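> Take a look at the following structure, please.
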Amino acid sequence: MTIISSAFLKQLWLTFGASLAFLIIGLVRGYSASAIPSIEANDPSLIQHSEQKSWIGAIPPLGAFVGSMLSGPLMQKAGRRRTLQLTAPLWAGGWLLLGFAPGFALILVGRFLSGLCVGFVLAPAQVYVSECCDPEIRGRLGSLPTLSMSLGILISYVAGNWLYWRHLAFLSATFCAALFIILLPLPESPVWLKSRGLDAEPAINWLQLSSRAVAVAKDEEERPEKSMEVEPKSLFTREVFCSSAVMKPLIVGFALLIFQQFSGIDAVIFFTVEIFQSAGSKLDAMTATIVVGTVQLLSNGVSTMLVDRAGRRPLLLLSAVTMCASMAAMGAAFYFQFEAESWLGYLPIVSLVVFMLGFSLGFGGLPFLLLGELFPAHYRSQLSAMASAVNLLSMFTVIKSYHALEGVLTSAGTFWMYSCFCFLAFIFVVFMVPETKGKSLAEIEEHFRGKKKQKEVVQLQTIS
């Protein structure tokens, strides 16, 4: 009989609390796919043309970009847990505004607010989990937020199939209240407490973290007394920003999050129903949407179980290859316009199911997991917020450009372009992404310093 330790259960509880924020992100991402058909069917006067539809889908990432730029200073000053908790009421307000919106303008304001809150929580939630878990289980627990995001998307798809779009917004608001309540008894991140000169022992004891989880990574090992006295320099000095401990993980993190978006994932999620209708799939568009959402959830679950066994790199490589092939097949489905009576009429649904499977196995969650692992401890708040901002700006670009690219490249050319980005992602992972499986955050930090670590005298605050 397997005995589950209390340390695992407590860290799992904390992870579930933080993952609820990602579930609400999934509700934001999946909302437009269900809400736009509902608005067109029940309130057609609210949407007059396709440009308005694209803004309903694209404005949340724009708000999230703004939020992510503010989240760095916020989670550095207020803490990871408190940032999540403070965001919950504002998030609920955004959903309620969306639900009560009398016209298109307030729909956009509600969507912008919901996106703003996505930016507020995206980095803090993942960093909170990574800093509060033992290295041996950090991969599995660190993948749960992405699994929750997939669940949120699926909830939005399924509920949106029978709920009026306003009622779907009200349902989403209830999850924000749950987020606020579930975080109340949880401790703050020990890393943040240490960085603010506060007592981290109660949090460490509550979480029952191992000695490896709270290991030290020092720049100046021969002068520890001086290291404790010197205030860490600003991230934006040339000495710090260009150091290998900052620049190397920054390049890896930024690139993975950019490739994640330019795989075409959010064009698929935000416009799933429209894509199936345009492709002439044999399967009903709403049913196909739910199938895609279910596959994403299940494959994220598989990734969560594999990430601490197979490692990050193999899953990312398998993910990139699968996405490349499926996007190429999706382009072929649009280019050849197979007859619905033919078995090839199922190619659009098969292509997107395979794409979601591949995406969820690697690029769906692992870039966010690495976001909490790669960056040095003292600058993790700022760097993870910057990486989130890059990711969200890429998301906005992909969503807002989708219809324009269809007009220029055709639908087939657009999906083939996404396939090319997936191929580039594969090449990047092969040559640039290190394996972090089983390593403590301090060991990962030392890896990026490499042979130069004795020469670098940048003071990087770390946990002790």
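Keep in mind that glycine also has a Cβ here, set from the backbone N, Cα and C atoms.
Computed from a predicted structure; not experimentally measured.
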> Check each of the ranges 141-159, 198-216 against TrEMBL and return the one annotated as transmembrane segment.
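Going through 141-159, 198-216 one by one, TrEMBL gives transmembrane segment for 141-159.
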> Under 8 Å, at least three CB pairs between the transmembrane segment (250-273) and the transmembrane segment (112-129) (pairs 6 or more apart)?
no
> Run the contact check on the transmembrane segment (12-34) against the transmembrane segment (141-159): 3 or more C-beta pairs under 8 Å, excluding pairs closer than 6 in sequence.
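In this chain the transmembrane segment (12-34) contacts the transmembrane segment (141-159) - 3 or more Cβ pairs sit under 8 Å.
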> Look at every Cβ pair spanning the transmembrane segment (54-74) and the transmembrane segment (383-403), keep those 6 or more apart in sequence, and say whether at least 3 of them are under 8 Å.
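Between the transmembrane segment (54-74) and the transmembrane segment (383-403), contact is present.
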> Counting only CB pairs under 8 A, let me know which of 112-129, 141-159, 165-186, 285-303, 344-371 has the most with the transmembrane segment (383-403).
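Between the stretches 112-129, 141-159, 165-186, 285-303, 344-371, 112-129 has the largest tally.
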> Using Cβ distances below 8 Å and needing 3 or more such pairs, separated by at least 6 in sequence, tell me whether the transmembrane segment (165-186) contacts the transmembrane segment (285-303).
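The transmembrane segment (285-303) and the transmembrane segment (165-186): touching, no.
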> With a cut-off of 8 Å between Cβ atoms, can you find at least three pairs linking the transmembrane segment (112-129) to the transmembrane segment (344-371)? Only pairs 6 or more residues apart in sequence count.
yes
> For the domain 'Major facilitator superfamily (MFS) profile' (14-437), would you mind checking the mean pLDDT of the predicted model?
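Value for the domain 'Major facilitator superfamily (MFS) profile' (14-437), mean pLDDT as a whole number: 84.
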